[in-house]
Structures are given as C-alpha cells and as structure tokens.
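Q: Straight from TrEMBL, here's the annotation block:
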{"type": "COILED", "residues": "70-135", "note": "coiled coil"}
{"type": "COMPBIAS", "residues": "195-208", "note": "compositional bias 'Basic and acidic residues'"}
{"type": "COMPBIAS", "residues": "233-243", "note": "compositional bias 'Acidic residues'"}
{"type": "REGION", "residues": "1-42", "note": "region 'Disordered'"}
{"type": "REGION", "residues": "195-243", "note": "region 'Disordered'"}
Amino acid sequence: MGVKRSRSEAQAVGDDSMHPSRKRARDERSHKTKPRKAVDLENNTAIKKRARAIERLLAHDPDKLPAHKKRELERELAAHKRRIADAQYKKIRSKMISKYHMVRFFERKKAIRIAKQLEKKLAQATNDDEIAKLREDLHKAQVDIDYAIYYPFMEPYISLYAKPAEGEEAKAAQYLHTERPPMWALIEKTREEGKKALERLQNRRPAEDAEDEGAQDDGKKNSKKSKAKKKEEEEEDGGSFFE
C-alpha cells in the first residue's frame, strides 16, 4: 500500500503539471478581492457610516496603506463630509424657512402696500420738500420689501414692524420711522449690487469659524456628543468596512 502524500506535496505536483496559462488565471482569481458595495448617495445614514469607516481605517494604521489608496480614501472622505454638511444645511434651512414664513409674508405685503401709497402721494406732490421726504420714505419701504424677501434663511428673522398700541391706528409713518435692525442696513447696501448679490445674502451659511468660538468652554458638551456619537455608531454599524 502506497504512502499518502501530504496536501502540499500534491499541490506542488499539480502546479508542475498545470499549463502556465491556467496557473496564471488561477492566481489572478485568488488575488481578486470582493468588490465593495457602492454607497447609496441618497441615504445620509449610509454616507455617515461609510465616512466613519474611512476615518477608522485611516486612523488605525495609515502607514500600512499604499499612498495611492490613502489619497483615494482621503478624497472620498472629504466628499462624504461635504455631503453630510449639505444635508444638515438643507434640513436646518427648511426648518428656518417654515418657522418664519408667515411673518416674512405679512411684512412683505405690508411693505408693498406702504410703497404703493407713497408712490401715489409722490405722483401728486408738488412741494419740493414734500417730494424729497416722500422719496426718502419710499426708499425705506422698498428696502423693507427686500428685507422681508432676502433676509438670510439660516438666521432668526427680526421683525420690522411692531404692532401698534391698542386702540391706535397703524399708519405708514409709524412703520417707516421706527428703528431698523442691523440687517436692514446690510440689505440696503447689498441691493445696490443687484439681485444676484441679494440671493447670495439670502442663502448664506453661518460662518464656519463660529463653531470654534468658546471651544475651551465646551469640554462637557463635546464629551456628551462623543458618547452620543459612539452610541449612534453602535446602532448603525452592522457590517465591516468592505461590505
């Protein structure tokens, strides 16, 4: 009875008798890695999960990663972070628009009505001093219209027109000659640059460096956030990095 060959010996004999092209094809198949499932870019949870996975991989042992792979992952991570920030911006923007929609709507209608009244008076005026005063008031009313329209969506809206006292009749002069919020002056200046400039102001984002102010006093808050983030990762992470 013959001696049974070990597995390594049998494989060596098989390799020697195998045609080179077949052997090369077998080796190529053995080195192929399972392709990673593409990230659903419409799913913010999937994007966050992928971003965290990349961060963990880069932080674990970056020296073992090939340089080209590291650059590729860093670019992907930056793109995912932009997507996450954009999704958060859109969510907050929608909430702020909904919150201040009615007050902006009514103040815009009121400013338009005041502007029409002033235009009518201006067309009938003959006195130079009266004309100058009406033009000044008309300018304020026109800025008020743009204020209600182009006030930045991402900032709490400050009302222009205070309610008149009980029993007191509301008049255009009462609304036009009250103190204006600081944003009013900025909108007055911006409207000189045209509609595009006003739209940029309307859609401007809060300053990125505002988050860094008072960072030393936020230790406790950051600690709570890190714990919440860790819990969120445990709930969301159901697979490996290359799934």
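Cβ coordinates are placed from backbone N, Cα and C, and glycine is handled just like the others.
All annotation found in TrEMBL is predicted automatically rather than curated by experts.
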Q: Just to confirm my parser: what is the rounded mean pLDDT across the coiled coil (70-135)?
A: 91
Q: Looking only at the compositional bias 'Basic and acidic residues' (195-208), what are its DSSP counts of helix, strand and coil residues?
A: 9 helix, 0 strand, 5 coil
